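For His4, Glu179, Met180, Glu181, Ser203, Asn204, the entry in Swiss-Prot reads purine D-ribonucleoside binding site. Summarising the annotation, Swiss-Prot assigns phosphate binding site to Gly20, Arg24, Arg43, Arg87, Val88, Gly89, Thr90 and lists similarity to another entry as the type of evidence. Marked as site 'Important for catalytic activity' by Swiss-Prot: Arg217.
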Amino acid sequence: MSTHIDAPKGAIADVVLLPGDPLRAQYIAENFLDNAQRYNTVRNAFGFTGTFEGRRVSVQATGMGIPSISIYVNELIQDYGVKTLIRVGTAGGMGENVKVRDVVLAQGSSTDSSIILNTFGAGLYFAPLADFNLLREAANLADTSAIRYHVGNVLGEDRFYNDEMDRQKLIDYEVLATEMETPALYLLAAKYHVHALSILTVSNHLVTGEETSAQERQTSFNDMIGLALGVAKTVPDR
């Protein structure tokens with residue numbers, strides 16, 4: 001076990017889906033995985049392991065924000081040997097081409113967080129990127145499934161309520177959406193030489209004001225979940 005995950009060695013698969021919401025983790029386990037067993041309830045950050053079309057997969061809730069996801073990603077990699085991490089989360093859309101319920105494949109993640117500065121020091125602006133093979137597989141699967149999706153840069157923010165951010169400039173620079181976790185996931189994947197991808201569903205739009213309900217965010221977005229599991233299924237055992 002680790003500080004925040006109460007699971008014995010071997011209880012967690014080498015591929016893990018990472019929803020922020022514990023109830024979304026439970027929804028995925030109950031509706032998509034076969035023979036799912038819960039391995040973690042610490043802080044109600046539920047974790048489950050089961051199989052998807054014969055491939056062993058885990059799903060671990062991470063909570064909200066860079067500090068929280070950093071805890072779980074560090075422990076999954078260092079204490080449980082996880083090699084592939086796929087975030088399945090929500091994001092706020094920006095730009096007129098990005099619609100509510102669209103899927104965003106985060107190729108890279110800009111950030112206003114100090115996590116890059118704290119890691120590299122002043123003057124070096126590291127660019128956290130997705131694993132290309134996972135990204136390519138997700139795009140290919142989305143094409144064959146007729147899922148409406150976008151590939152590009154997202155913004156990982158430290159604050160959910162942030163009126164000071166220049167949204168129009170972000171739109172002008174083709175930032176697709178904003179969320180709160182991807183920079184940490186990609187940074188830690190680079191640090192530990194593992195594989196990571198963020199697959200996001202646009203749950204609300206920052207310009208139009210359109211949004212989904214809390215219930216839909218918790219127990220829906222099946223395109224994103226199915227896409228993530230389809231990618232997970234293709235990952236070779238490591």
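Each Cβ is built from the backbone N, Cα and C atoms, and glycine gets one as well.
Structural mapping of features recorded in Swiss-Prot.
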{"residue": "Gly20", "record": "phosphate binding site", "Cβ within 10 Å": "23"}
{"residue": "Arg24", "record": "phosphate binding site", "Cβ within 10 Å": "24"}
{"residue": "Arg43", "record": "phosphate binding site", "Cβ within 10 Å": "14"}
{"residue": "Arg87", "record": "phosphate binding site", "Cβ within 10 Å": "27"}
{"residue": "Val88", "record": "phosphate binding site", "Cβ within 10 Å": "24"}
{"residue": "Thr90", "record": "phosphate binding site", "Cβ within 10 Å": "23"}
{"residue": "Glu179", "record": "purine D-ribonucleoside binding site", "Cβ within 10 Å": "26"}
{"residue": "Ser203", "record": "purine D-ribonucleoside binding site", "Cβ within 10 Å": "23"}
{"residue": "Asn204", "record": "purine D-ribonucleoside binding site", "Cβ within 10 Å": "16"}
{"residue": "Arg217", "record": "site 'Important for catalytic activity'", "Cβ within 10 Å": "19"}
Given the binding-site residues Arg24, Val88, Gly89, Thr90, tell me which ones have a C-alpha lying within 10 Å of the C-alpha of Asn204 (purine D-ribonucleoside binding site).
Thr90
Have a look around Glu181 (purine D-ribonucleoside binding site) and count the other CB atoms within 10 A of its CB, chains all included.
30
Cβ atoms near Met180 (purine D-ribonucleoside binding site) (within 10 Å, other residues, all chains):
26
C-alpha spacing of Gly20 (phosphate binding site) relative to Ser203 (purine D-ribonucleoside binding site), in angstrom:
13
What kind of secondary structure is His4 (purine D-ribonucleoside binding site) part of, going by DSSP in three states?
coil
If one measures from the C-alpha of Arg87 (phosphate binding site) to the C-alpha of Glu179 (purine D-ribonucleoside binding site), what distance in angstrom results, rounded to a whole number?
11
Whole-number Å value of the largest CA-CA distance among Gly20, Arg24, Arg43, Arg87, Val88, Gly89, Thr90, listed as phosphate-binding:
21
Cα-Cα distance linking Gly89 (phosphate binding site) and Arg217 (site 'Important for catalytic activity'), given in Å to the nearest integer:
9
Near Glu179 (purine D-ribonucleoside binding site) in space, meaning Cα within 10 angstroms, which of the binding-site residues do we find among Gly20, Arg24, Arg43, Val88, Gly89, Thr90?
Gly89, Thr90
Write down the Cα-Cα distance for Thr90 (phosphate binding site) and Met180 (purine D-ribonucleoside binding site), rounded and given in Å.
9
